[in-house]
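**Q** Structure incoming, see below.
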Amino acid sequence: HPANLSDYSYEYLDEADYMLYGLCTKEEVLSFIRVFLPAFYTAVFLVGLAGNALLFIVLIMYIKKKKKMTEVYLLNLVVSDFLLLLTLPIWALYISQWVTWHLLCPLLNTMYTVNFYSGVFFVSGMSLDMYLQIVHACSPWNSMTQRKSILILSVVWIISILLSVPDGIFTNVKHIHNTTVMCTHDYGQKHLFWKVVFQAIQNILGFLIPFLFMVFCYSRIVCVLTTSPIPGSRRALCLVFTLVGVFFLLWSPYNIVLILHSLQDVGVIRNCETSRQLDYAMQITESLSLVHCCLNPLLYAFVKKRFRLYL
């Protein structure tokens, strides 16, 4: 996330590289970030805010009439996306150096991480709900009571908050040339070790496990639908399939780049130019992943027939 903007002014990969090549400068990357990210964040904020506000109103109207768990998950996903969107204009000002309040750095990173994980978990919850409705249609687990709903939603938010704690504790500001203020992670004496550990946690809990869980749920659903089609379920299945597909397309590039960055951190990748390209890729792929905040309302507007009736 935006705390990855650190170390772009001067960075070398190890002492041997420093002796041979000197500093691996990242001024070009920093200049690109200052132009690209504020403009992109502002565009995502404006589009996402309008779409999610409309979807929120529609969901409130729908849930009052039919309390279905898929829509409850989606409502929480909208709240998560909305809170994530609120951080973007502040990040844009921070990156542009219009705002340099030091408290913003850990606060924004914590909000970003909470809503990153909660968004992923709510999409996974929608997959679970569809799995229970179709694969275990006659099971007592299929009946989702209000108490179960509150419990599941509370667990998702609590886990997301706990996973964000390191970002709140270990995020700090760094001054470059005594003028530029950058947001960076600082894990102390074992910085490299903990940086790789937390990146691995993000890869595993924020992408790999949820994606494998979705693959399991939908493979079972496809088996049931191909043998005994259930009326009305195909349309709903199409919606969630689309959401999961968009999730994979938007988040997988960022996670691949994150893995490559971890390889760089442990010394597998040492070339300076490759390091620069990874920095560019990190910012572009992470920005791409934020587009999901804009796409969820569009997907429901065009795919979900009963939602379009409320518009």
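Each Cβ is built from the backbone N, Cα and C atoms, and glycine gets one as well.
Note that TrEMBL annotation is computational and uncurated.
Relevant sequence annotations retrieved from TrEMBL are reproduced here:
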DOMAIN    51-300  domain 'G-protein coupled receptors family 1 profile'
TRANSMEM  39-62  transmembrane segment
TRANSMEM  74-96  transmembrane segment
TRANSMEM  116-138  transmembrane segment
TRANSMEM  150-170  transmembrane segment
TRANSMEM  204-225  transmembrane segment
TRANSMEM  237-260  transmembrane segment
TRANSMEM  280-303  transmembrane segment
**Q** Should anything in the same chain at least six residues away from the transmembrane segment (74-96) have a Cβ under 8 Å from its Cβ atoms, list it; otherwise answer none.
**A** 2, 5, 33-34, 37-39, 41-42, 44-45, 48-49, 52-53, 55-56, 59-60, 63, 104-105, 108, 111-112, 114-116, 118-119, 122-123, 126, 153, 156, 183, 290, 292-293, 296-297, 300
**Q** Compute the average pLDDT of the predicted model within the domain 'G-protein coupled receptors family 1 profile' (51-300).
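**A** Residues in the domain 'G-protein coupled receptors family 1 profile' (51-300) carry a mean pLDDT of 81 in this prediction.
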